[in-house]
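First comes the structure, then the notes that go with it.
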2 protein chains.
Amino acid sequence: MDIGIIGFGGVSKAFIKLLLDKEDSLNKKGLDIRVKYIIKSNGGIYNKDGINIKEIVDRDYSLVDSDFKEDINIHNIVDNSDIDILVELTNTNIETGEPGLTHIRLALENNINVVTGNKGPILLEYKKLKSIADNNGLALGIGCTTGGALPSINVGNYDIAGSEILSIEGILNGTSNYILSEMYESEVEYKDALNKAISLGIAEANYKLDVEGYDTASKILILANVLMDANLSLKDISIEGIDKVKKEEILEEKARGNKIKLIGKVYNRNNKVSAYVRPEVITKEHPLYFVDNKNKGVSYSTDTLGDISIIGGASGTVNAAASILRDIVNINRGIK
Amino acid sequence: MDIGIIGFGGVSKAFIKLLLDKEDSLNKKGLDIRVKYIIKSNGGIYNKDGINIKEIVDRDYSLVDSDFKEDINIHNIVDNSDIDILVELTNTNIETGEPGLTHIRLALENNINVVTGNKGPILLEYKKLKSIADNNGLALGIGCTTGGALPSINVGNYDIAGSEILSIEGILNGTSNYILSEMYESEVEYKDALNKAISLGIAEANYKLDVEGYDTASKILILANVLMDANLSLKDISIEGIDKVKKEEILEEKARGNKIKLIGKVYNRNNKVSAYVRPEVITKEHPLYFVDNKNKGVSYSTDTLGDISIIGGASGTVNAAASILRDIVNINRGIK
């Protein structure tokens with residue numbers, strides 16, 4: 001199987017390393033993955049016989065060598081049409097979706113399957129992209145966009161097939177959940193917990209999208225649109241983050257045996273799908289009560305299979321990379 | 001899609017009702033299921049244009065009418081070869097696997113996909129059956145055999161694809177888990193909790209297979225053989241049930257904040273897969289700590305996706321039937 005990688009941040013690098021580490025075990029399962037393109041914003045590498053990824057890992061992911069050409073971009077992939085899957089991992093932009101949106105659209109229009117971890121294009125244009133994919137008999141793998149290693153899309157697509165989803169509820173943002181857990185456990189104010197998250201590298205530079213609820217909102221919207229056939233965008237839902245949660249509220253609920261969690265929820269009432277993101281008090285009976293620290297979890301309420309919850313899935317670039325590989329392995333099996 | 005149903009107990013009846021209830025929503029998704037055969041141990045019904053299942057539900061699942069013929073059996077299905085999927089739901093026999101084993105083998109040898117909820121044949125002969133299916137390009141859907149509505153096989157097959165399973169741990173028997181929860185909550189002896197389970201209809205007539213650990217063992221073995229490429233049979237593993245658990249032990253652990261749960265576990269150590277079933281003390285940090293009452297849960301430890309747990313899935317004939325439908329929907333999508 002021939003692939004191209006576009007975008008060259010932490011997940012792409014971890015993915016290349018993972019391909020190297022898993023080479024033998026993938027070969028044993030009949031999957032031989034050749035990387036033909038690695039493209040970043042200012043150019044890239046193309047090798048029609050497959051790039052030597054061991055060399056790239058060995059020289060600490062430096063792409064600047066004799067093979068690097070400034071004019072290599074998505075159009076080379078489209079023109080050559082010599083890969084089976086485009087792995088799209090450019091930075092997320094939840095306002096325009098670009099440049100990922102164009103990359104994904106061009107690939108699908110030109111008979112190339114896509115696997116992506118880029119929330120922007122999926123949040124904004126899933127329906128359109130999916131219909132291009134369907135019309136061309138292609139797969140659009142988006143498992144990484146809604147929790148990385150946590151297989152939330154897969155569970156909704158395959159594990160509850162034949163059943164109607166009544167609602168989906170999730171703790172979907174590791175940073176926010178860590179901060180709330182820290183406030184609960186160490187009984188500190190939001191600011192102190194945030195600072196600890198920053199100092200530990202759990203909260204990233206753009207942590208505002210996390211703590212203000214936009215990351216959770218993006219994920220729950222993707223789940224709603226993909227799994228409940230909704231057509232929601234960010235402006236359709238109320239979003240409240242954790243940045244105004246007070247220590248006192250958390251301690252008051254703790255005394256009652258409850259917790260406050262940042263919940264993203266989407267539900268179908270009278271054939272209308274609605275969604276929200278907000279900090280909610282949850283009791284010990286709630287299926288996500290024990291999803292603490294950086295952990296994530298999603299709970300699906302269904303008509304015939306009961307409530308099914310999926311919890312865990314490590315957070316990190318390696319694990320996000322493994323979720324990209326998961327989609328590739330499943331596409332190789334013919335799963336769309 | 002044309003199907004035949006063999007075995008006519010509670011799950012089969014619930015499945016027929018479910019097909020009726022879900023007819024519209026399945027049609028909307030392009031899936032039109034016709035039931036051509038309903039076969040029980042002493043004969044059955046065959047209609048090449050599709051049986052009127054509404055009539056059967058309306059007359060309280062009585063099959064005895066002018067259409068019923070005593071000489072209808074699996075051989076008619078094989079001879080006619082006019083269905084896409086055989087739904088095999090005869091009673092489980094974990095010693096011989098029969099009659100399900102013969103039904104499944106004959107169907108697969110004759111180019112008919114199989115979906116089954118029958119643990120016996122899968123426990124005893126999964127590898128052989130799967131290889132017949134693979135050679136003929138057929139699907140062998142077994143999601144119902146390891147927890148019914150709980151999608152334990154699916155999660156292992158698709159949701160952690162590309163990742164290595166290091167171990168699988170499960171609370172897989174609803175009756176045992178209910179009894180242990182009752183001993184914990186009401187602080188009663190095993191006998192009293194068992195009697196309550198019997199009086200509530202949670203423990204069935206053959207509850208010994210549940211409380212002595214054989215049901216859990218069957219399920220964990222199927223997970224091991226299907227997902228970890230093991231080749232274990234019941235005689236290879238130590239099985240200890242909950243029938244010797246004392247109230248005092250539970251209360252002692254409760255005082256420490258722990259619980260005792262009937263755990264089935266399979267793990268890979270130095271490329272050797274081993275398994276056991278036994279009551280274990282688990283702490284609050286354990287991913288299955290909060291799987292109480294009739295609930296079930298499975299936790300997968302993986303090399304690159306972290307630990308992933310799936311919890312819930314209602315227990316009952318309707319939910320088991322929904323898990324049969326899930327496999328059918330996925331087979332219809334081309335998933336093998």
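Using the three backbone atoms N, Cα and C, a Cβ is placed for every residue, glycine included.
Annotated features, as they stand in TrEMBL:
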- B:LYS119: NADPH binding site (BINDING)
- B:151-329: domain 'Homoserine dehydrogenase catalytic' (DOMAIN)
- B:GLU204: L-homoserine binding site (BINDING)
- B:LYS219: active site, proton donor (ACT_SITE)
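Within the same chain, residues at least six positions away from B:LYS119 (NADPH binding site) with a Cβ under 8 Å of its Cβ are B:THR92, B:ILE94, B:THR145, B:THR146, B:SER218, B:LYS219, B:ILE222.
Taking Cβ-Cβ distances under 8 Å and a sequence separation of 6 or more, the neighbours of the residue listed as 'L-homoserine binding site' in its chain are B:THR175, B:ASP210. For B:LYS219 (active site, proton donor), other Cβ atoms within 10 Å of its Cβ number 26. Restricting the average to the domain 'Homoserine dehydrogenase catalytic' (B:151-329) gives a pLDDT of 96. In the three-state DSSP scheme, B:GLU204 (L-homoserine binding site) falls into the coil class.
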